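Q: I have a structure I would like to understand better, so I am pasting it below and will then ask my questions one at a time.
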């Protein structure tokens, strides 16, 4: 009998050791995932802050400031936990309807996994005007995939505001860690030997379906900044935002730690999330439908992107080289459906999605930039919705325009067949009046059209051109995006396209010149003066 009791006790102890556990104190929940690599998370019962993050026995949570939504949900947060019927999943719920928040944040941990699955249900936008989760980590001062571009450790001076700095003669900023949402699947903070990685992962469409800004939006990811590294997951922000914020269940998005390299986003199966019953979460099974079809009329020299959105959700996918596409699973409803030639808007349509069904919907380019038959006198740059190929465009995503690694913003008169010499942006108080030269064998006795396709405007900047002695009418100011742009590596805004009819007889035999100035009723110093970013410049008839 005694032997049986001892055996039962021993088995109970073993079961406890090899199952995820929650230890409760007056201040915290301590969750031990019982993973092979010892993953233990401590969560405050009053604020929902992560106050300790231990992996393989090492503490990675910065003690001076904890990890949380925004800058912290604050006191009075209702923090509770539950377990799944099997006992292998722990769900922590943090509810806050004060301190500028109206949301429920979930952290889900599973047995044997060094991972926190997160979801954030918002009923209103936080009063701080953005929605993010930020980890503050110690010992992980390198970044993947963009290295030191966002590392501000050892900064000697500020270049702009409190977010662009000089480090070892280079400009650095947290903004220089960004990537387009459509491509931003995994990013990490790691140690100098890349032996431990702490990563945010977007396993599928759900991670961004409640965010705002579309497939090409980008935001801050990593920032080693001295005492700790910020590893941040932005759900929305006002950083060059072009649409209204969405509310509802953001996620799941995933934080994971590993000592076996960069995790694969595709390795995370989230189908089990459907069974958790989390507030606001829209399950995949039985609640969503699909759209499939073929995109046509765009150049196969560029990526083909299809984008669906309405006030509640946003989704996207790359089409194959033959234009075939299939959507992610989308909740029932009517969606605007956009087609892009890389980032250039090629067509817009509408499609209705029914739960449990696949809707067939083709889409073909209608943008005259793509479809119009014309004779080109010159074209500087490709129509791809980006400044790709222009001077400094290759550096702009990872450094400030003032960085010494940038080429001169005033290259002089640029031949119309040298896009790499043309600056990607004109700043009113830096390089206004840039010139393009071209030659004609004979005068052109007909009207022509000058088209200037831009990707982003700052401070009301818009281009006004002159061709030889003719000056185009001044365009009206574009809609204002209330955010710094190119200095914080943004290049995508509303994508204004400006056209000007050049009268017959303006173009002459021999040398001709196009001059472009940025005009605005606003002003600013150097690179914060009104500016525009270019997509392409074309003269045609």
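Counting starts with 1 at the first residue shown.
Cβ coordinates are placed from backbone N, Cα and C, and glycine is handled just like the others.
Note that the structure is a prediction, hence the values are computed from the model and not measured.
Pulled the feature table from TrEMBL, pasting it below:
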- 1-19: signal peptide (SIGNAL)
- 22-280: domain 'Rhamnogalacturonase B N-terminal' (DOMAIN)
- 48-94: disulfide bond (DISULFID)
- 188-199: disulfide bond (DISULFID)
- 288-360: domain 'Rhamnogalacturonan lyase' (DOMAIN)
- 377-539: domain 'Rhamnogalacturonan lyase' (DOMAIN)
Q: Same chain only, sequence gap of 6 or more: which residues have a CB within under 8 Å of the CB of residue 199 (disulfide bond)?
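A: Result: 144, 186, 187, 188, 189, 231, 255, 256, 257, 258, 262, 263.
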Q: Could you tally the C-beta atoms, other than its own, that fall within 10 angstroms of the C-beta of residue 48 (disulfide bond)?
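A: Excluding its own Cβ, the number within 10 Å is 24.
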Q: Roughly where does the domain 'Rhamnogalacturonan lyase' (377-539) sit in mean pLDDT, to the nearest integer?
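A: In the predicted model, the domain 'Rhamnogalacturonan lyase' (377-539) has a mean pLDDT of 97.
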Q: When you measure from the Cβ of residue 94 (disulfide bond), which residues in the chain that are at least 6 apart have a Cβ under 8 Å away?
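A: Same-chain residues close to residue 94 (disulfide bond) (Cβ under 8 Å, separated by 6 or more) are 48, 69, 73, 77, 78, 79, 104, 105, 106, 107.
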Q: Test of understanding: give the count of other CB atoms lying within 10 angstroms of the CB of residue 188 (disulfide bond).
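A: A 10 Å sphere around the Cβ of residue 188 (disulfide bond) contains 25 other Cβ atoms.
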Q: Counting by DSSP secondary structure, give me helix, strand and coil numbers for the domain 'Rhamnogalacturonan lyase' (288-360).
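A: Per-class counts: 0 helix, 47 strand, 26 coil.
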Q: Using DSSP with the three-state reduction, classify residue 48 (disulfide bond) as helix, strand or coil.
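A: Assignment for residue 48 (disulfide bond) reads coil.
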